[in-house]
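Taken verbatim from TrEMBL:
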- 75-98: transmembrane segment (TRANSMEM)
- 283-373: domain 'Lethal giant larvae homologue 2' (DOMAIN)
- 434-452: repeat 'WD' (REPEAT)
Amino acid sequence: MKRFRRHGHESQRDKHKQDLYQFNKTVEHGFPHQPSALGFSPSLQLLAIGTRLGAIKLYGTPGVEFMGLHDENAVLVLILSFFFFFFFLVGGVTLLVYNSLHMWTLRAHNGISELLEIGRFTLSGPPGAPPSVTRVTAVLAHSSGELLLLGTEGGHVFVVEVPGFRELEENNISVENVQNRIPEDYVGRRNLECVEALHENPLNPRQVLIGYSRGLMVLWDLDRQRPIQHFLGTQQLESVWWMEDGVNILSSHSDGSYCQWTVTGEDPQTEPENQEMPYVNTSLSKVMSSILSSPSPPFLIFSGGMPRASYGDRHCISVIHSKTHEALDFTSRIIDFFVIHASKKNSFGEPSALVVLVEEELVVVDLQSEGWPVIQTPYLVPLHCSAITCSHHVSSIPLKLWERVQAAGALQNTHYSSKPWPIIGGQNLAPDPPQRDLLLTGHEDGTVRFWDASGVCLYPMYKLSTAGVFLTDADPNDNMNQGSEGEWPPFRKVGCFDPYSDDPRLGIQKIHLCKYSGYLTVAGTAGQILIMELNDEAAEQMVEATVVDLLHGQEGFRWKGQARLDVREEPVLFPPGFQPFALVQCQPPAVVTAIALHSEWKLVAFGTSHGFGFYDYHQKNNIMVKCTLNPSDQMAMEGPLSRVKSIKKSLRQSFRRIRRSRVSMRKHHTTNAAKVHIKINARLEAEALQEMELAPVQRKIEARSSDDSFTGLVRTLYFADTFVSDSSHSTPSLWAGTNGGAVFAYVLRVPSLERRAEDPVVAHAAKEIQLMHRAPVVGLVVLDGKGAPLPEPLEVAHDLSRSPEMHGSHHLLVVSEEQFKLFTLPKVSSKSKLKLTAVDGSRVRRVGVAWFGSRTDEQLESSLVVLTNQGELHVISLPSIKMMVHYPCIRREDVSGIASCVFTKYGQGFYLMSPSEFERFSLSTRWVVEPRCLVEAPLQMRLKNPSSPVHRDQPDGVPTEHRCVCVAV
């Protein structure tokens, strides 16, 4: 009977877990890492991006997103490939490094479309033929949706039937068939080499233009299986564009020229109708033009062609329209581009937008508005404009604060086009977000960016810069990207990616936002803590620094790290938004490792590797400091930045010297600089943590030496109104946990609201706890009389939380890297504990309090969410401190991803899966943000292909599948 009851109890507990917890990686935010291909379907209005890691991502109207991933073998080979194509019509074609075709389909299931791989095929040549015969270099997805034309390195064109993946050998186009009607002297002086381009006649889909690398272009009749006309180019071919009149063809060449050819039927055509060289003899990699018969002048758009001596390292696309000529100067290497036309019936008509994929961002240029402004992207935003150094998530933002932040951000976006986002494919079926959430990211250049993280799209709302408070090496007039008046070519910078940080001390390390009061605290790399408030109007004001000596009373220490930032002595004009009104400068100016903000008491606590203190920002004075530095810890006096300071300084000076001596060199080094900065930032925290830990196979819970490095580093700070001195009177308090396993408690006397401006805040030391195993303390939580975490400051005052239970014992939960220990208050006696690690080497890296609820029950339960250095997520019950569930989440080797993780209040989280992408995950069955979208074939596609598969539940015979064909070469 006992065994039966235990089994029943465990079944109930398992069902309870299933109701509350479910792990899912839901959506990827940001810009794809290492993009390598771009495609667009005018009929489906979907954008496709492929990456070097084998990922395929489709985007439509905001909220419509799909992702597919090739198998491991394709990924591994793809890393070694030199490029990756993605052509998207009804489906898509991806070009990997070996000749296999992959078919994907957008299939509707329960009213939601899914991207699935459903087949693959390997292209093989004749027995004994060299690999070049079937190495694919160009792909054409025929508009019929029934054929793929694959051009190869050997000059042959293979025709493959889809979806059956059957090679139509009788329709293949061999080099011998192409050469039959070419003059012998033309054939004799060059072989055709690889197929560079395949293009369909826009007016007659049975005619295909084949472009060969050596310059020859052949118009081929698919029905009669013979050439119609040969165009005898003499320069190496780069690209082909068949103009929409079906008569004129543009070709671009390696000598920097583009040629116009006319389809006349006369064979061969030895000279182009017209030949132009826009700049000098540097390769034009791609060219396209609008219709010549349009009432307005045609657009001519091409990439490359920059004078190699002066601007050969720039990444430019030139746009010429009537008398307007601009060379759009992008921030990184151009992958590909296409034009969206205003006409919705087909792909022709007046160009409305130029879509450009570069290595670090997606840029969309409005071609219909004066000045060709950029259209702000609702997704694919480059999170890594400057390297991300920290993150902070705030749930359930009040509407008033949300609208004020939104308004401040709108004033920063006046340079963007007012036109709506032009890519509108699919339907977003996701429900409206139940709440407004903000994700704040701190960056190496001293900026804080506010993102709308409520739904599937991570949308930029507002950008805050802290650099204006300080004197830095940056020259405000040192704009190396804009062309001077009269300069040729006429450059205009587009895009926002800029990895440069003129002073690494500006880097943001900690952020805390109070959503009720609108106060924001931002801490940096050089010991600076800025306290800001939200202002709807611009203001000019001084920001005075309060210097806090964390080594007060300590002798014999000498700081060997960086100098502090110099504060501007004159008033600074701050735009509407968050404006600093107080600055705390820690001495020594080490990295700020912890902050806490209590907006009801108007206090800010801060900590570094030397100690902690707290500041009264209402009276603008420092209250107290506590030095936690161990006398034997000389490492803390060097500062973590000193180990990489010389390389960063050298890099910075080198880049600045190059920029000032030669303006055009900036873009050449952009990508490398970003990677170096990102690696350095990731290394800082990794090195600081690795200084204190053994290899995982050697780990056990055991006491650590007090001589370990960085034992005085402050890891966490926590304000609480609880019982510290006695069990009958609760008092405000500050708790601090250090890297050496010490916990310090200070009792605060905060004056009443009426006397707050006159009477000082007083603090005195109350308690000190030293964990026996001396493991770093990474989290502190006080639980009220009912075992629930204390509410946030001002949360009760805004009627958004019940008052904490002050009857019954409060408990202090101390989270170290190795265990969770519960102490009773005020006696601070140990009540219970949970050991996380034994021999496997697991250590707590991130911890947060989250609230979970089932889909059917309104009741919420609080739990502790933990991420370990093994990349595993654990949910621990409160106040019983029992392990509920655990899930693998991040690869243990991904140190940067683990260090970047941030939890939300309702069981979700974010971590950097690459320098430019956040992976979003959910542990909750109740709160899940994921794409829910449907893509339907347009009417003309259904009429063209009435035999396509139809789901019986779909009205009006809507096809449920849209196929993508992927070729891996």
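Here the Cβ of each residue, glycine as well, is placed from N, Cα and C on the backbone.
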Long-range neighbours of the repeat 'WD' (434-452), counting only residues six or more past its ends (CB under 8 A): 383, 385-397, 399, 402, 405, 409, 458-467, 498-504, 506-511, 513, 515, 520, 522, 524, 578, 677, 681, 902, 904, 910, 918, 927
Structural state census, the domain 'Lethal giant larvae homologue 2' (283-373) (DSSP three-state): 4 helix, 48 strand, 39 coil
Local confidence of the prediction over the domain 'Lethal giant larvae homologue 2' (283-373), expressed as mean pLDDT: 86
Number of helical, extended and coil residues in the repeat 'WD' (434-452), per DSSP: 0 helix, 12 strand, 7 coil
